[in-house]
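Student: What follows is a single structure, and I will ask about it in a moment.
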Amino acid sequence: MFHQLSGKNVLILFHNDLRVMDNATLSKAAKLSRDGRLLLVYASSLMDILDNQNSQAAYHYDTMGVARQQFLQESLADLNTSLELLGNKLLHLHKTPTSPNTFMQLNELIEAQQVTDICVSQTADYYQNQIYVRLQNKHPQIRWHIETTATLFDELPLDDLPKSFTQFRKKIEADYDLLHAAQDIAICATPERLAPIPESLVDRCEYEYFFKAGEDNAQAISQQKQQSSNFKGGESNGLNHLKSYFNSDAPSTYKITRNALDEWTHSTKFSAWLANGSLSVNTILNRLRRYERDVIANDSTYWIWFELLRREYFYWYAVTHQQKLFWFKGIGQHTPSTQLDQKKLEQWRNGDTAYPIVNACMHQLKATGYMSNRGRQLVASCFIHELGLDWRYGATYFEQHLIDYDVASNWGNWQYLAGVGADPRGCRQFNLDKQTQQYDPNGKFIHQWQGVLKQDS
Ligand SMILES: Cc1cc2nc3c(=O)[nH]c(=O)nc-3n(C[C@H](O)[C@H](O)[C@H](O)COP(=O)(O)OP(=O)(O)OC[C@H]3O[C@@H](n4cnc5c(N)ncnc54)[C@H](O)[C@@H]3O)c2cc1C
């Protein structure tokens, strides 16, 4: 049994902040636990306890896609390595045959280890916040510390969230132009050393929740061999990618190439590391500023900042609208006329529609967990307009498979395209033939991802 020392027993509940560099939550926990003990926890499947209302349960998906699982596992493994170098290690609460409820596991850990303080990162994820509320209610004596790790701003820097991204961007650029500010954004120092894990756990070297690579999903991944992918999860890989991207010429042509369907260097590919917090947006922005100083500042480098601001907009959009992010009518007043049709839904998911470009994108998504921004717009437009389907099922399928799944960017963009979100002009329909001509004139992408179906299908 753990005997309480004079110091605090601090627990970090990691979520989308899987890094040690520029992680204000880790820094805060390191300070609080200086004379005490520190528990570093990642808990899978916590949302299972939230009745039926969360997106996964409501629109039918049981498990994460294989590519997404794999990216997450790589990210956790890398985090664990970094934490071990700092003198602690990651605990990964996950379902086991004898203990299928990770929320209960977490509560047991909190009680057994007499946790005094919990540190988490601020999140726009409504359901994750519901988990925090439940924990707070269950353990009212514990002190909570919430830090900013995912965004450029600690809070919405405007009185209200503007109705469109354009209005938001203009206001931000007028008052908070971080791209051209005199100083770099301050980066939170990585702790030199972390307080140890409680003795009672150290003594149990077979403790079942010490992180082990692949424990959640080894079987699933080995059953469905992954396409080799440039996306390798984890902070070290994210930082390597950041370095090689800004050591190349790609940033100087980003605005011209960003709509391409498949080339690695044609867009930044930061999204997957940003989404689970392996890379901090502050670090990316500082590197972009350096590129502008040392190499070139042009429309393309500006446009990277522009897109990071779009990400920021959707974050504050999700914070502002809470559950409405998942409502069929979104933030609007009118329920769309689209509906669920299981057969069409399956055709779309399997890349088995009458639209080769859509099929190719959907095959790419299933195989790699990634799809370009252009691809996402086209398949979503097809889903809503050509197939007449309820947009929430499309968003949920993306949630299941995207390695860069981010609650705010995903559900916010789907709402936008469905005409129930942040778009004063109403819904967006793309002409799929024209788009194919423009973005895949020689059919290379469609061929590569087998978008043309056999005659009998
Ligand atoms: C229907 C739909 C669903 C989407 N779901 C997600 C999602 O779950 N997670 C996610 O990160 N992005 C999502 N996006 C946004 C965008 O498609 C991806 O961020 C982008 O394709 C990732 O590739 P990249 O990093 O090379 O982007 P780049 O073009 O290099 O952009 C740089 C960064 O800016 C941000 N960004 C770019 N475009 C957008 C955008 N439209 N909305 C918000 N942020 C943006 C991303 O963080 C991205 O990494 C979605 C877009 C659509 C149309």
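Cβ atoms here come from the backbone N, Cα and C positions, even for glycine.
I grabbed these lines from TrEMBL:
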type    : residues                        : note
BINDING : Y254, 267-271, 307-315, 404-406 : FAD binding site
DOMAIN  : 8-152                           : domain 'Photolyase/cryptochrome alpha/beta'
Student: Once the chains shown are all counted, how many other Cβ atoms turn up within 10 Å of the Cβ of D404 (FAD binding site)?
Tutor: 21
Student: Give the helix, strand or coil assignment DSSP yields for E307 (FAD binding site).
Tutor: helix
Student: Taking DSSP states H, G and I as helix and E and B as strand, how many residues of the domain 'Photolyase/cryptochrome alpha/beta' (8-152) are helix, strand and coil?
Tutor: 61 helix, 27 strand, 57 coil
Student: Across all the protein chains here, work out how many other Cβ atoms are within 10 Å of the Cβ of K269 (FAD binding site).
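Tutor: For K269 (FAD binding site), the count of other Cβ atoms within 10 Å is 18.
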Student: Look at each of the binding-site residues, Y254, E307, Y313, and point out the one with the fewest other Cβ atoms around it within 10 Å.
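Tutor: If we count Cβ atoms within 10 Å for the binding-site residues Y254, E307, Y313, the smallest count is at E307.
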Student: Could you give the mean pLDDT over the domain 'Photolyase/cryptochrome alpha/beta' (8-152), rounded to a whole number?
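Tutor: Mean pLDDT, the domain 'Photolyase/cryptochrome alpha/beta' (8-152): 93.
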Student: What's the number of neighbouring CB atoms sitting within 10 A of the CB on R310 (FAD binding site)?
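Tutor: Its Cβ shell of radius 10 Å holds 18 other Cβ atoms.
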Student: What does DSSP assign Y313 (FAD binding site), in three states?
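Tutor: Its secondary structure by DSSP: helix.
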